[in-house]
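Written out below as structure tokens is the structure these notes cover.
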């Protein structure tokens, strides 16, 4: 298969192919333009993969540009986080990082040009009055009483805005287009507003700041962007994008193309709702492993490869749809099944004593790090007479479908011996505290000599060598597929989205590195937490289970 045949195909790539074939463009230049007012989420990952992926595949360029036109909501913390996320996903921007604020001088000049052409005016209606005058989808707007000011008056008033002569909300610059337009975005949109706030890039140089719709198209043109890719909610804004560029003296006119945004089940991606989750402490922060943020997914144990594969699988269309969470989980499960080394950890431990094993002694059992990849090597795991097993792996009585340890019956310990449960010890409440067993000494990693069949296999950890670990069982943040549609999305937070257990792990995990994934055999995929784990306090996050338990629960 050729490189071209291996590329994904979608309507945007078809447009690019045609543009290159006809000579409309000789190269491809895209951009990823986030506003630095929050952390990136999985929806942004789709746009990152699209814009940077196209530039990569067509040997073009992709800019990282911060749409930093609202100093009140933006912070350098978000700038650094976004840069880190883009790089972590495996992409590199062309040249230096760009900022819309780099172009504030040019943007101001273009605003003055529109005023000189009679296409912009200073309006002194209040924000509420502007909304009232704008009309509705069913009713046209009406002209502002300030709409017909002279060019000279507008120039003077705009300079007064720039020099701080108006209070916030007392004046703005509006485009003069058509208050009766069927498209509300074209009803004399605001181009500049007043904000007395220090900007993280320009300091206090400006007290007027351009709006997104005015800034975005001009920034694209100044950077020589050939294909400006936006999500579908900006479809109507394309009319304003083109109007601005058509009415200023700028030689380049990029084209905007829209694609569907990513909607994902069992989460929300509204920045307002995500911020509410954080500020009201329903989650631990923007990087909480239950959040759909890239930093949250990374902390949970998702790999950049799995997120890129997910974005590739869902594709790029113009049709809005909601993607099943199982699709994202499947991508990380496949990745980690292929690449994660194996280890043993007991999440809900109960003591098991092998009475006929030499007491006080131990031996090393050799275990493969991956059952299908001998090149990943092996490790030695200590075994002794007292071990921990998972409480769910033992029953006093069970039917034939139960393939684990049952009183009076046998089971194999993973890569070790066959044992038989002989008796149990219980506390005053009737809870099993210890299981007493015997072992067949001639069954270390082999079948019994007499040919008897032992079907079940369970994992274990030597009690004398076990590492105490905190295990955080993360699950979907919401209990319904579309929490955003609920009257109160906070009311459908999944109460089981985080369950914390105290368990034991094999000693090799003392060397675990933050973020490195492991398959805890028979349990799921886990990684060492980057926030809470220390050398003396090991905390592991569940990335995803071995199988989709939500699908089974819904059947």
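Glycine is no exception: its Cβ is also placed from the backbone N, Cα and C atoms.
Annotation source Swiss-Prot lists motif ''HIGH' region' at 34-44, citing sequence analysis. According to DSSP, the motif ''HIGH' region' (34-44) comprises 3 helix, 1 strand, 7 coil.
What Swiss-Prot records for 35-37, 41-47, 231, 261-262, 269-271 is ATP binding site. Using a 10 Å Cβ-Cβ cutoff, residue 270 (ATP binding site) registers 11 neighbours. In the three-state DSSP classification, residue 270 (ATP binding site) falls within coil.
Cβ neighbour count for residue 67 (L-glutamine binding site): 20 (other Cβ atoms within 10 Å of its Cβ, all protein chains included). The feature L-glutamine binding site is assigned by Swiss-Prot to 67, 212, with sequence analysis given as support.
The motif ''KMSKS' region' annotation in Swiss-Prot covers 268-272.
Proximity of distant same-chain residues to the region 'Interaction with tRNA' (317-324), defined by a Cβ-Cβ separation under 8 Å and at least 6 residues beyond the stretch ends, is recorded for 10-11, 232, 258-265, 481-482. What Swiss-Prot lists as region 'Interaction with tRNA' is 317-324.
Between the C-alpha atoms of residue 262 (ATP binding site) and residue 67 (L-glutamine binding site), the distance comes to 20 Å. Packing around residue 42 (ATP binding site) is summarised by its Cβ count: 22 other Cβ atoms lie within 10 angstroms of its Cβ, all protein chains included. Regional average pLDDT for the motif ''HIGH' region' (34-44) in the model is 96. The subset of binding-site residues (35, 42, 44, 46, 231, 270) lying with their Cα within 10 Å of the Cα of residue 67 (L-glutamine binding site) consists of 35, given in sequence order.
The Cβ neighbour count for residue 46 (ATP binding site), using a 10 Å radius and every protein chain shown, is 24. Separation of the C-alpha atoms of residue 212 (L-glutamine binding site) and residue 270 (ATP binding site): 18 Å, rounded to the nearest whole number.
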